[in-house]
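Input: a single structure, listed below in structure tokens.
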Amino acid sequence: MATTLVLLGLGWWLVAPSGVQGESRPSLSLHPSEEVALGDTVTLRCRVPRPGVRVVVYKEGDGTYRWHRDGVEDTAEFSVKVLTWNYAGRYQCRFQALDQSWTSEPSDPVELLVLESRPSLSLHPSEGVAVGDMVTLRCRVPRPGVRVVVYREAGGTYQWYEDGVEHTAEFSVKVLDQCYAGRYRCRFEILDPFWTSEPSDPVELLVLATQFPPPTMSLSPRGRMGTGTNVTIRCQSVYGATFILHKAGSSVPIRHQDVDRGDAATFVLPGVTPSDAGTYGCSYRPRGFPFISSRRSPAVTLEVGPGGAETTSPPPRRPPDSSWSNALRLGLGAGVLLLLAALSPPSVPNPTAGPASSCPMAPMAMTLVLLGLESRPSLSLCPSKGVAVGDTVTLRCRVPQRDVRVVVYKEGDETYQWHRDGVEDTAEFSVKVSDRCYAGRYRCQFEILELSWTSELSDPVELVVLESRPSLLLRPSEGVAVGDTVTLRCCVPHPGVRVQVYQEAGGTYRWYRDGVKDTAKFSVEVETRSYAGRYRCRFETLDPSWASEPSDPVELLVLATQYPPPTMSLSPGGRVGTGTNVTIWCRSTYGATFILHKAGSLVPIQRQDVDRGDTATFVLPGVTPSDAGTYGCSYRPHGWFPFASSRRSPAVALEVEPGGPSTAPSPLAGASAPCSGPPGAEEEKSSWNLAVVGGCAAALLVVVVIMIIVFLAAAPCCRRRRGKGPTVEPSRDPPELLSQDMVGDSSQDLRSLQLLEDAEGLTYAELRPPAPGAPGDRDAPSPSVIYAQVGGRGPC
């Protein structure tokens, strides 16, 4: 009996704990259980099997979203307002003793889904607009009766709103200048109670710059090709910093590539299929203008057959080169103008008409001098060394005429133009520099309204807008893991200001510091992946209240340890010679955007979006010793985490020797030099040089011919001045004939001969005898003047 009791007690002791543990797991439920939108409230209800315990509800893998309640008897409810997208995820609950001596197992997880409550913004047209065109920004919202705000990220100058929007708000905007370019977002607001949604994804408003020529584009190989062929698309321009590849039918660019050196981007389409066939074009963003775009290149067509060998079509015919003819026309045109000026009939002085009429062209010449040589105004800036955004600059235009209209304007932009009437000597224009778009070259001119006459332009002056924006740096810049610390360093150009560092989307993470002298440092512990994003900083002056433009953005990347690093390879491997084209492959099945890094560079040197496949191909065309170094790559995973990054691949080293077997042969041997650009580039440059030389030679030849003609035309005049004029002709009606008795032998003693012309156009020779008393003089009572008619001209 005792043995039986002992065995029963032992069995109960072994079974009881397992039974308790089987019933000790809590249960968690969500209300509402389907989905919630941002701004709504969700209830998490945790039911426990025993009373008097602490209940903890938490989000898996994120310690930020955690709540607890003590002394729960049966059920604990937590009402949570969903403020951001980061509330979405898997939740569990558990209970524990109040002294935390033991903790239950966690409940089964429940999924909290956050509805798409962000608005969406679109642009029409989306590929870019020219100055003066209209663009439509269309913001679509998920709920009716709200206020919609569309704004440009950098600065609040360009911002529009509309109340009572039901579904979609449209804003038609005329692009007045290039300052409208930038990144735009929209959001919606509930006014009572006040609540603001998260901003939409950004769209980029590109302004087409007509001063930048479109790029050139080529395919290799050309013509129709078979499935599986690797196609290389080359886009080239000396102005390009970021090249964009477009495909007809796609509303967004299919690829883009940053180029830190050189003037060409190389896009590789590996193993093309019939779906890749279509019409392609490319454009570029000029250096220093991230939202200014060139026009697209002439389109090229990619034809892909279902199979078979690829065929190559003959190269396209080049248009005839008209550089020679244009240069010759220019030279001949200049020569004709000079010839007309040289052959203009000179005026002959008339002694009897007085000095006022000795030069009939004098009034016109004086007018040309007054309105030509002295008609240019002068423009000056004060201060002349540069101004900051928010300061005032004075443009002072000095004119040589009185009571005129003075116009001051910025070259190439009619937005910045001012005028003043009735100016006597100097016109001053005080202008407040509101943004950096005021920078540029300015000129002035004056107008005489009564004569409808406009002067020449003044020499240009350069208005320099000093860097008044702060700069933001991130350390470390390549990415941090959850739990690490990152430092955001904001450098400002003015002392004693307030500095703010903030996250672009939502503004959840924001820090500020007052009284900053030159640099503000913020050390932040990255607690969750929600810290990832794009950050900016700005500074403010409190009295008077003024805020600077934001800095350029920096991206805080959080390393996703669950994604493996990519693999990387070089071709050709080993040591290569100068001029070799090096291909770098970066591969990962998880990658959507691949980033190429170089040791020593703070920013990535190239990036590539991959819409299909798992490999990015980076090409370094015509490498030089400066390209030598250690390279690595990383990727941004597919999904909802654009600022999550993998770790970098194992590094590979690129060695480049100054010469070597890979160097291209000398041009003397009949080959083209490395990195010579697309076919025909050198020929076009040589043709242009020859055209310039030919035009200059033609102009010089015409000038020489004109000089010869002028010399021949002036020779008779010179002979007349030396007394070797035309043969003496008898006059139709001479006023007085000379006789031999009157002249006598005095011609041997004459000292001068002067040709005179009377009002009727008759020419006389004035013979002046020597003064009395000179040796050889005959006795004469007084000097006499004798006239002889030596020639005449008919009536005009």
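Including glycine, each Cβ sits where the backbone N, Cα and C put it.
Whatever TrEMBL says is automated annotation, not expert-curated.
Sequence annotations record features per position, and here TrEMBL assigns signal peptide to 1-22.
The domain 'Ig-like' (26-111): residue composition by secondary structure is 3 helix, 49 strand, 34 coil, according to DSSP. Residues or ranges marked as domain 'Ig-like' in TrEMBL: 26-111 (among others).
Residues or ranges marked as domain 'Ig-like' by TrEMBL: 119-187 (among others).
Marked as region 'Disordered' by TrEMBL: 300-325 (among others).
As annotated by TrEMBL, domain 'Ig-like' applies to 377-445 (among others).
Under the heading domain 'Ig-like', TrEMBL lists 470-555 (among others).
Annotated region 'Disordered' per TrEMBL: 652-681 (among others), in sequence order.
What TrEMBL lists as transmembrane segment is 688-714.
Annotated region 'Disordered' per TrEMBL: 721-744 (among others), in sequence order.
Summarising the annotation, TrEMBL assigns region 'Disordered' to 765-796 (among others).
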Exercise. Which numbers of helix, strand and coil residues does DSSP report for the domain 'Ig-like' (377-445)?
Worked result: 3 helix, 44 strand, 22 coil
Exercise. When DSSP states are grouped into helix, strand and coil, how many residues of the domain 'Ig-like' (470-555) land in each?
Worked result: 3 helix, 49 strand, 34 coil
Problem set entry | For the domain 'Ig-like' (470-555), the mean pLDDT of the predicted model | 85
